[in-house]
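Features as listed in Swiss-Prot:
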type: DOMAIN; residues: 39-184; note: domain 'N-acetyltransferase'
type: BINDING; residues: Thr61, Lys108, Phe109, Ile110, His111, Glu120, Asp121, Val122, Tyr151, Lys152, Glu175, Arg181; note: substrate binding site
type: BINDING; residues: Gly130, Lys131, Gln132, Leu133, Gly134, Lys135, Tyr165, Lys166, Lys167; note: acetyl-CoA binding site
Amino acid sequence: MKPDETPMFDPSLLKEVDWSQNTATFSPAISPTHPGEGLVLRPLCTADLNRGFFKVLGQLTETGVVSPEQFMKSFEHMKKSGDYYVTVVEDVTLGQIVATATLIIEHKFIHSCAKRGRVEDVVVSDECRGKQLGKLLLSTLTLLSKKLNCYKITLECLPQNVGFYKKFGYTVSEENYMCRRFLK
């Protein structure tokens, strides 16, 4: 299988979010359908492997060495599950991914078999910080989780980022986030 433009999920979902429910302020105004000059907000596709997707992710955390085969296998798994919404912003003039964030849907038995959204891996490339792309991705994925009928959406962040996420209606939970790592 060769990298192509097939999206991980239906791109119309991003256009159908109810932007009137957005709680963040954008100046200048941007939206999922108008993210800025030369920019497109869309689902990840396998061709993004060659558009700097891992370069951007690497600005957030260690990505490790990922072969094209590994990438394709993970992409197909996520696509088939229907519960992964890896979203990117592409600078179409450069043909490069400049920002990404992921919404993952968890299916629960609680709350009448409800769904919970979880935001992961929000990162904007160094060159594009200050263009509100992180805000745009977070607002879009938050509204998408509502459209997908999630009963709540959560995320984990560093203490210095709490203020940023509060702008979108997120609150600090009384629960503790705990982790046990198996890989360093």
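Cβ atoms here come from the backbone N, Cα and C positions, even for glycine.
Feature map: annotations from Swiss-Prot on the structure.
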residue: Thr61; record: substrate binding site; Cβ contacts under 8 Å, 6 or more apart: Asp121
residue: Phe109; record: substrate binding site; Cβ contacts under 8 Å, 6 or more apart: none
residue: His111; record: substrate binding site; Cβ contacts under 8 Å, 6 or more apart: Tyr151
residue: Gly130; record: acetyl-CoA binding site; Cβ contacts under 8 Å, 6 or more apart: none
residue: Gln132; record: acetyl-CoA binding site; Cβ contacts under 8 Å, 6 or more apart: Phe26, Ile30, Gly36
residue: Gly134; record: acetyl-CoA binding site; Cβ contacts under 8 Å, 6 or more apart: Ala99, Ala101, Val122, Val123, Val124, Phe164
residue: Lys167; record: acetyl-CoA binding site; Cβ contacts under 8 Å, 6 or more apart: Thr23, Ala24, Thr25, Lys135
residue: Glu175; record: substrate binding site; Cβ contacts under 8 Å, 6 or more apart: none
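Within the same chain, residues at least six positions away from Tyr165 (acetyl-CoA binding site) with a Cβ under 8 Å of its Cβ are Leu138, Leu155, Cys157.
With DSSP states grouped into helix (H, G, I), strand (E, B) and coil, the domain 'N-acetyltransferase' (39-184) comes out at 55 helix, 42 strand, 49 coil.
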